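These notes are about the structure you will find just below.
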Amino acid sequence: MEISSKENTHFFSNNTILPVDRSSFKSESSTSKEKQSCCGGIKIFLGALSFVYFAKALSGSYLKSTITQIERRFDIPSSLVGVIDGSFEIGNLLIIILVSYFGAKLHRPRIIGAGCLIMSAGTFLIAMPQFFMGRYRYERSAPTINSTLSLSPCLQDKSQTPLSALEKAEAKINAGCEREAGSSMWIYVLLGNLLRGIGETPIQPLGITYIDDYAVEENAALYIGCVQTVAIIGPIFGFLLGSLCAKLYVDIGFVDLDSVAISPRDAQWVGAWWLGYLVAGLISVLAGIPFWFLPRHLPKAGSRKDSSTSSEHSKFITEENKDQHTSYWQQAKLAEMAKFLPSLKNLFGNPVYILYLCASIIQFNSLIGMVTYKPKYIEQQYGQTSSKTNFVIGLINIPAVAFGIFSGGLIMKKFGIGVLGAAKLSLGSSLFGYLLLLSLLALGCEDAEVAGLTVPYRGTKPAGELEPALFSECNSGCSCSRSAWDPICGGDGVTYISACLAGCRASRGAGKSTVFFNCSCVGTSESSQSSSAVVGPCQKGNECPKMFLYFLVISVITSYTLSVGGTPGYILLLRCIKPHLKSFALGIYTLAIRVLAGIPAPVYFGVAIDTTCLKWGSKRCGGRGACRLYDSSALRYVYLGLTLVLGTVSIFFSVAVLWVLRKRSSPQDEILSANGERGACGTESRNDHFVNSDQLIQSTYWPEKETRL
C-alpha cells in the first residue's frame, strides 16, 4: 500500500511538470504575502488581546478599591460584600467548561468580542443603582434648618424644635423608608459582577490558544508574556482610578457640595464609586470592537505551516478514505473520553500534585482574603481616607507584586534551578513572607478615642457595655438617639458619637463649618478646656502616621517576597505532571482555586471582620446597616491572624511537598538540575511508584514544551 501511494505521487509529479514550475514561481510571492498577512494579523490580535487584558484587570481591581464605598452606600455588612466579590468567580465557573470545549470550534475572536460586551454590560449594571436609589442620605442626629437659625443639638424638650421642621423631617424619613423597603439595590451589583465573570471567561483560554495556534512558534512565548505584562498594568490604573473617584462625593453634580457636612475621613463618606464603573465599562466596549473584524483563522506561519503541508495531498484522497478518516477520529475521541477516569485517578494518585494543590488552595485563601479587605484594614487601622489607601496600593504594592513575579522567573533561569530547587524557593519565599507579615501585628494604632465606646465620659467609670455606656451624667438631660452616628471632634481631642451625646446646647454655621458650643461632656474634670466641638471625627494619635509608614515599607517587602515564589511554584506544578496530563492538571488546579478559595475566602473573612465592629449604623427603615467603627486591636488580630493561620497551614503542605520530592529524587536528578536540565520531579527511573502504572516523566529537557508555556 505504501509502495502504490509512492508510485501515484511519482506519477502525478511526472505528468504535471510545467504547472508545478509556474505555481512554484507564483508561490514565492504568495508565500511572502501570506507571511506578511500572518504577521500583521497576529500582531493586530496581540494588540487587541492586550487591551482586553488591561480592561478586565482594570475593572476587577477597581471593584476591590470600591469595597468600602459599596458597603457604606448600600448599608450592608462586610460578609455580604464578600458574597458580591465572590460572584465574579461564580459567573466564571458557570460557563468555563462550555467555552473551553465549544469555543475552539467556533469563531474565537468574535466570542471574545461578545465576552467583552457582556463584561461591559455587567460593569454598567453595577453602576446603575446610583441612578435609581435617589440621593445619598448620611445619618444626622438633628435636622438642619438653615445657617441662620441656631438650634440646640441637646434636645431637652421637643418643643424647642419647630413642629413643622420635625414633621417635615419625619415625612422625609417615611418617604425614604417606603422607597427602600421594596428594594435591595445591592443585588444589581451582585448580578453585574456575575455578568462580568461570564464575559471574562472566554478571554484567557481562547485568546492564548489563538496566539499559540497562529504565531510563529519561537515568538509565541514572547507574545503571551507581552499580554501578561499589560495585564499587570491594569490593576495599577484600576486602583488609581479608585483613588480619584473616592475623592469625589457620591452625588457630585447633583447636590450642592457646600451643604455636605461630612469629609472623606468620616466613616459615612461615600465617594463617586459609580463613576469608575462607567469608565471601566466604556473601556471594555472599546476593547471588544476589534475582535468583530478579525478573521476566524489566520494563515499558519513558519514551522507551523509545515504541519499542514499534507493538505495538498488531501485533494487526492477519495471520499471513501475521508469517511474512514472521520470514523477513525471519532473512535479516537471516544477512546480519549474513556481515558478520563483513569487520567483523573492518575492525577490524584500523584502525591506532589495533591500536596501542592492543597498548599495552593490554602495559600490563595489567605491571599485573596487579605487583598480583598486590605483597603478597609488600612482605612480603619491607620485612619487613612479611601482615596489615599487606593493610591498607595495601586502605586506601591502592585508594582512590587509584578516585580516579584518577574524576579522569580529570572532567578529560575539564571541559576538553572530544577524541580527540587523550585520547591525550595517557593517554600522559602512563603516562609519569609509570612514571617514579615507576622511583624505587622506589632504595627497597629490604638483605638480611636470615642466617648462611650472606647473611652469613658469625663469623671465616669470606664465603659463596660456598649449601649449603657453611651449615656452619662453629662448628657442625661438630653433626648438623644442611641443609633445615630454623626461624630464631632471635641476640644479635648475625643470623638463624640453625636453633638447631642456630647451635651452641646448651641451651634453656629452649617455643613462642614458647623461649630458646637457649651458641650457639657467635652473637657476634663481637672481642667476647664474648651467645651466646643467641630463636625467630623478626631484624627488618631500622633504615632499613627509613623506606624502607617512602617506598615507600608513592610507590606511592600512582604508583597514582593510572596510573589517571588509564584513562578517557581507554577513550574513545580507543571513539571511534576506527565506531558499528556498537563492541560487536564492545570484545569483541575484552576477550578479548585476558584471554587475553594476565590468564592469562600471573601465571605468568611468578611464575617470575621464583622465581629470586631463596635458601632453599627442604622438604616432609615430600621435594622443594622454598615459598620461605623471597629475595634482596632481586634481588627488587627482577626485580619492578620486569619491570614497567618492559613499561611502557616499552607507552609506545612509545602514542607510535605519538599519531603516527597527529596524522598523520590536521586543524585542524578540533582546533578541534572544543577546543569540546567529539566528535573524529573523526583521520579525514579527504576521503580515506578511515583506515578501509577504509566510511563514516567522524562528526565530530559523538552524545549518545545517550555516554549508553549
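From the backbone N, Cα and C atoms, a Cβ is placed for every residue, glycine too.
Since the structure is predicted, the reported quantities are computational estimates derived from the model, not experimental observations.
Per TrEMBL, the features are:
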TRANSMEM  40-59  transmembrane segment
DOMAIN    45-665  domain 'Major facilitator superfamily (MFS) profile'
TRANSMEM  80-104  transmembrane segment
TRANSMEM  110-132  transmembrane segment
TRANSMEM  220-250  transmembrane segment
TRANSMEM  270-294  transmembrane segment
TRANSMEM  353-371  transmembrane segment
TRANSMEM  391-411  transmembrane segment
TRANSMEM  423-443  transmembrane segment
DOMAIN    468-523  domain 'Kazal-like'
TRANSMEM  547-574  transmembrane segment
TRANSMEM  586-609  transmembrane segment
TRANSMEM  638-661  transmembrane segment
*asked:* At a C-beta cut-off of under 8 Å, are there same-chain residues at least 6 beyond the transmembrane segment (110-132) that contact it? List them, or none.
replied: 49, 52, 55-56, 59, 63, 73-74, 91, 99, 103, 183, 185-186, 188-189, 191-203, 206-207, 250, 273-275, 277-278, 280-282, 284-285, 287-292, 294, 296
*Report the listed stretch (40-59, 80-104, 270-294, 423-443) having the maximum count of Cβ pairs within less than 8 Å of the transmembrane segment (586-609).*
80-104
*May I ask you to check whether the transmembrane segment (270-294) and the transmembrane segment (40-59) make contact, with contact taken as at least three Cβ pairs under 8 Å and only pairs 6 or more apart in sequence counted?*
yes
*Please spell out the DSSP helix, strand and coil residue counts for the domain 'Kazal-like' (468-523).*
8 helix, 11 strand, 37 coil
_Local confidence of the domain 'Major facilitator superfamily (MFS) profile' (45-665) - pLDDT mean_ = 81
